[in-house]
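Copied from Swiss-Prot, the annotated features are:
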MOD_RES   ALA2  N-acetylalanine
MOD_RES   TYR26  phosphotyrosine
MOD_RES   THR31  phosphothreonine
MOD_RES   THR51  phosphothreonine
MOD_RES   THR78  phosphothreonine
MOD_RES   THR129  phosphothreonine
MOD_RES   THR143  phosphothreonine
MOD_RES   THR181  phosphothreonine
REGION    1-43  region 'Disordered'
REGION    32-79  region 'Involved in binding TNC'
REGION    129-149  region 'Involved in binding TNC and actin'
Amino acid sequence: MADGSSDAAREPRPAPAPIRRRSSNYRAYATEPHAKKKSKISASRKLQLKTLLLQIAKQELEREAEERRGEKGRALSTRCQPLELAGLGFAELQDLCRQLHARVDKVDEERYDIEAKVTKNITEIADLTQKIFDLRGKFKRPTLRRVRISADAMMQALLGARAKESLDLRAHLKQVKKEDTEKENREVGDWRKNIDALSGMEGRKKKFES
């Protein structure tokens, strides 16, 4: 018996069912402070990892900058060869300067031509992009300003000379004179009196005579 009671005591108790809150308490539950879940990584470890990532990124940037400087130096060394000025006279130095100026002018012309081609390509790309947007119907709408205009002015702007004809709605209506309505009222009279007059023997006699 003792062993059975000890086994029952060792068994874990079932977790209680979660309490379902009412909809009226949702707002209070959302605003009340809750115990935040503790992350598996401590704050000091997070700071250490951030510092390490920043150091790695800094090293990568420095390495890329060094590679760009090396490529620039290699390109300049291949294109701009060192000048041999030892033992040159005044006339030879003048000729060398003329040659260098001619090379500079040629490079400037090539640079201008390349820039013109790039500008032309950019404009062509922009035109083609605009044509694509026009074909798709996705054009940029201009900004419209609010303008106060009456209905008459709007119809005048849309229809022109036909606006007056369309706005004159009473022209197509049938005009009824007041005298005609009074005459009809006199002829009809009170319908109750007509029914009373035609009811009974006298009414039948009147119908027979008519």
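Heads up, the Cβ atoms here are built off N, Cα and C, so glycines get one too.
Feature map: Swiss-Prot annotations on the structure.
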| residue | record | Cβ within 10 Å |
| --- | --- | --- |
| THR51 | phosphothreonine | 10 |
| THR78 | phosphothreonine | 8 |
| THR129 | phosphothreonine | 10 |
| THR143 | phosphothreonine | 5 |
Could you find out if DSSP has THR143 (phosphothreonine) as helix, strand or coil?
coil
On the 0 to 100 pLDDT scale, where does the region 'Involved in binding TNC and actin' (129-149) sit on average?
74
One should report the C-alpha separation between THR51 (phosphothreonine) and THR78 (phosphothreonine), rounded to whole angstrom, as 41
